[in-house]
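Visitor: This is the feature table in TrEMBL:
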type     : residues : note
TRANSMEM : 7-28     : transmembrane segment
TRANSMEM : 293-315  : transmembrane segment
TRANSMEM : 367-391  : transmembrane segment
TRANSMEM : 397-422  : transmembrane segment
TRANSMEM : 434-458  : transmembrane segment
TRANSMEM : 470-493  : transmembrane segment
TRANSMEM : 524-547  : transmembrane segment
TRANSMEM : 553-581  : transmembrane segment
TRANSMEM : 593-612  : transmembrane segment
TRANSMEM : 624-653  : transmembrane segment
Amino acid sequence: KMKRRIHFSFVLVYSLVSYFCLCSAFYLPGLAPVSFCEDGKGGDDCQTVIQLFVNRLDSVESVLPYEYDVFDFCKDDKEKRPSENLGQVLFGERIESSPYKFNFKQDVKCKAVCTKNYKKAEQQDKTKLDFLKMGMQLNYQHHWIIDNMPVTWCYDVEDGQKYCNPGFPIGCLVTADGRAKDACVINSEFNKKNTFYIFNHMDIKITYHSGASEGWRGARLVAATLEPKSIKQVDEKNPSCEGGSPMEVPGEFDNDLSIVYTYSVSFEEDNSIKWASRWDYILVSMPHTNIQWFSIMNSLVIVLFLSGMVAMIMLRTLHKDIARYNQVDQVKALLISPSEDAQEESGWKQVHGDVFRPPRKGMLLSVFLGQGTQIFIMTFITLFLACLGFLSPANRGALMTCAVVLWVLLGTPAGYVSARLYKTFGGEKWKTNVLLTALLCPGIVFADFFLMNLILWVEGSSAAIPFGTLVAILALWFGISVPLTFIGAYFGFKKAAIEQPVRTNQIPRQIPEQSFFTKPIPGIVMGGILPFGCIFIQLFFILNSIWSHQMYYMFGFLFLVFIILLITCSEATILLCYFHLCAEDYHWWWRSFLTSGFTAVYLFIYAVHYFFSKLQIIGAASTILYFGYTMIMVLIFFLFTGTIGFFACFWFVNKIYSVVKVD
């Protein structure tokens, strides 16, 4: 029977993960395909020109992204900038048109785009070239886009696998001691010391799916790849892209320099690739898809099994306690006279007269819980929509836009929860409560964000939020979120305080001497270990997507981990709360919040470890930005997990003291 149960549990977990993974592969229906036709055969429903767009450039060695134009590349004479949503602006994406334009199914061989000349006598040229060298030294990456799809650089890695990178480098550097850095290892000709090699030629291949046999006109693009090359042009008017020496940029700017940018493009038909699955070749090759899925599944089963054991122990122990206490009450009522009722109870029932005594700093706790409720609902809805595919990587900036809009619109639950709990705590300063709920935590996040933005402004980064966007964010906050918080608080204060199952004594009971493990700090520190153990694998992927600029698309599995985190935080907090009540310590309000909220401290420790062991970030500005944004994530996660633990413990304490008979 036990084997059947274990087998059934494993099949259930496997089915859930498979379902959520399928959800994550669902393509966003709002993005319609675009058809392309040969020149002379186009129309309103079929385009003939393929426009290549460029995005900001970023690096794994720096947190500072820069716009394409900053690096003095070839510019489009009629530059167009597609409208960007709030999420794209917050993430620093700056998409613009480029001079690279192709006619569908017309192959081009070695076409010159522009020539950039740098004169030694011109200080402005020296500054531009120095910035270009800095980009190559820090391995800044291009991000090109065709038909809303990244142009990838595919190359072989170890074990014969192919990795398709949605970005490709500006160039590379051979150091003064002859060490080839980054992409310089791909070509043995890149061997001159203290020399930069710029990739000034692109071999682009565009793959399309023909609609001739499927009843729709033209063709749809299903892949775009390129191979960057460094080629020095002898004759600028008649460029040659076959062989030749690489384009060198000396470390010392001693002579005038000319860089000719060229490209070649070819078209290939492949009807085996469907338009709806055209991102698959990129996602399949991402590093985090090669992880051992069996290991993740095994960890998931262990966590669920452990959670089940904790729940079973809690239910069995509580059932025995409640049965024993109720049996003692019946014996007292039938056999023992009131004068003989001197036997003292022990354990959690003994503190029934103090367990609902309002906590210290109840105002701050209610404010944290209101904000935590807002973040919890926002996170749940965002992950659910992402799991269904509505926030796929193809819809750029949609994830952040959705999260911000939801947070703004969820001010009412925050105000309601904060006001209702504050009234339950016996608070009377309702104006202060609602103002703190609306302004305290968002104010801390905005102040941190504004300071980070100042650094980005000073550094000239494209991630710096424009002043108009900052004003728009403030308008959303004070114009929508704050009024909604006031409305929620109004209804919260109008409702009666939450009725407690037992009365609170007038004189507080003295708490006995506690053992080491039932003292507040050890319990809080231990409480965050199990929840953090559930998320640290996904946390690695999330940090990779943020700081190493890798795509994250495993929202189905992330949603499942979110549910596991919810269960684990609740059960770990309930377990420790029960132990503390059995030790006759009734100060559980703040402790329940901090026990699961301490998971955020482990998140910060892991972020520090990730910074020093996984990243190659250099420079004071990038370091400050990393830890500044990390503190925002830690604060949000602290409120999120703390709220989960508090409400789980609040439900548990109300449940046990309402079930047991109290004299």
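First residue shown is number 1, and so on along the chain.
Any Cβ shown, glycine's included, is placed from N, Cα and C.
Unlike curated entries, TrEMBL annotations are predicted automatically.
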Visitor: Counting Cβ pairs closer than 8 Å, which of 470-493, 553-581, 593-612, 624-653 has the most of them with the transmembrane segment (524-547)?
Guide: 593-612
Visitor: Any chance the transmembrane segment (553-581) and the transmembrane segment (470-493) have 3 or more Cβ pairs under 8 A, given the pairs are 6 or more apart in sequence?
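Guide: No, these stretches are not in contact.
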Visitor: Among 367-391, 434-458, 470-493, which stretch has the highest count of C-beta pairs below 8 Å with the transmembrane segment (624-653)?
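Guide: So the stretch in question is 367-391.
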Visitor: Where else in the chain does the transmembrane segment (434-458) make close Cβ contacts, counting only residues six or more beyond its ends and a cut-off under 8 Å?
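Guide: Same-chain contacts beyond the flanks: 64, 363-364, 366-368, 370-371, 411, 414-415, 418-419, 464-465, 470, 473-474, 477, 481-482, 485-486, 489, 621, 624-625, 628-629, 631-632, 635-636, 639.
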Visitor: Any residues 6+ beyond the ends of the transmembrane segment (470-493) with a Cβ under 8 Å from its own?
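Guide: Distal contacts: 86, 370, 404, 407-420, 423, 430, 433-434, 437-439, 442, 446, 450, 453.
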